[in-house]
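What Swiss-Prot records for this protein:
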- 135, 152, 234, 236: Ca(2+) binding site (BINDING)
- 41-51: compositional bias 'Low complexity' (COMPBIAS)
- 340: O-linked glycosylation site (CARBOHYD)
- 36-492: topological domain 'Extracellular' (TOPO_DOM)
- 514-567: topological domain 'Cytoplasmic' (TOPO_DOM)
- 493-513: transmembrane segment (TRANSMEM)
């Protein structure tokens, strides 16, 4: 058998275009990843750059804005924001009651809250145990200084910040921790106040009188002492949390933000209409706008909150305008912070707002508490945005009404019930203005080409928990939804670009694989005809040789016949 092997061609070198395709493929992937990371870093670094500039600009100015909004990052969105409530001059109360079968007993407690006030005496928060036990924990202001008093068994334990008064109208954050009888209290970034109880002398007294106690009473006495020791470390059967001090006659007047107690965000729960929370008196959630007279009341404020025009209970209103933002149910100019500064009346007086004249529509509105709680408005470098001075008669600065609000007011007389979204009081485009920072807390006014955003504040909680994020009346939005809407336009282009680049790379890769599989390769082939001829020749070897010899001789003879001779 003869095997004829065609020469196998060695595999050709990988052509240069294949290397080019691979390099293009990896280049697309690297560029896509780099562009996405670059966009993410730029979007995350922009707020930081604003805050750095604001600290630099405002290094020599110490102004505080009582009402602030913390716009949380992505990782903190979705239910983590706090709420801010304003307590008026007539006093108010937010009361949270634990269910009867879910009353906790704690060995350690953590309380934190942000506040701003000018009163010298008042109760901010008080936690009481079930009736008959007598355990309590109370955060209060006494003679302008913040302090905590608690009783978990026998005597009242007090801890107080003695250095500096806190009724200066500025925003402060107070943190209190308790572990047994030990306690700490800190205001802002000031030094921590600590309290450690003295040693228990019951055992020493027991040793002294033990000889006089009958033997059969020794065991009950020891058990009684052990029970007393347990009561000195455990806050038993907590029943309710009272905010505002109205139930005790020590009214708090000012604002409270982001209250946190042992995992409960009570102000958040109040803003969400928790069934275990009741609100009484002059209490208003920041972001709610009082209804115009003639319309139905859209807020949960009781009628006894009504006061006179001069007894305004609002703080500085940061009215902002957001353009080019719209959702299915939110107006483009929503997501603003308004504290009843659109009218010269109190936030509890639902009287009709009359439009004013002049240039007051270009300024921020401020109002103060009569007899105490005063809003500190920021100083503006630009004259166009300098707030109007507070008038001596009404002590309230008002803004002019937009045409939309005038139409709302006119429609109210005809029976219509409009809903006034927060921030509808000023719809003019605002020019960029200098950044503002609240000290000692890092705050900021975010700037844009056509809008002014509210400042940032740090959380009064222990681990950077955000505070006030007001919502619009009638619309309950998840905190952080505005940022998601604002970022969607920038991320959509990035996602489309990444998908297109990936699809192009995949097509190029498939084409390269197709060309590589269909290339020409060397092959082996067996010549069967030669195989049969050789088999027939092997049967008679001599015949084959004779045929070869005869063929050679015949060929020679033929050659000889063809020869020609010339003479």
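The backbone N, Cα and C atoms fix where each Cβ goes, glycine too.
Residues near residue 135 (Ca(2+) binding site) in space but far in sequence (CB under 8 A, at least 6 apart, same chain), listed by position: 128, 129, 150, 151, 152, 153, 235, 236, 237, 238. Of all the binding-site residues given, namely 152, 234, the one with the smallest number of surrounding CB atoms inside 10 A is 234. Residue 236 (Ca(2+) binding site): 18 other CB atoms within 10 A of its CB, across all protein chains. This prediction places the mean pLDDT of the topological domain 'Cytoplasmic' (514-567) at 57.
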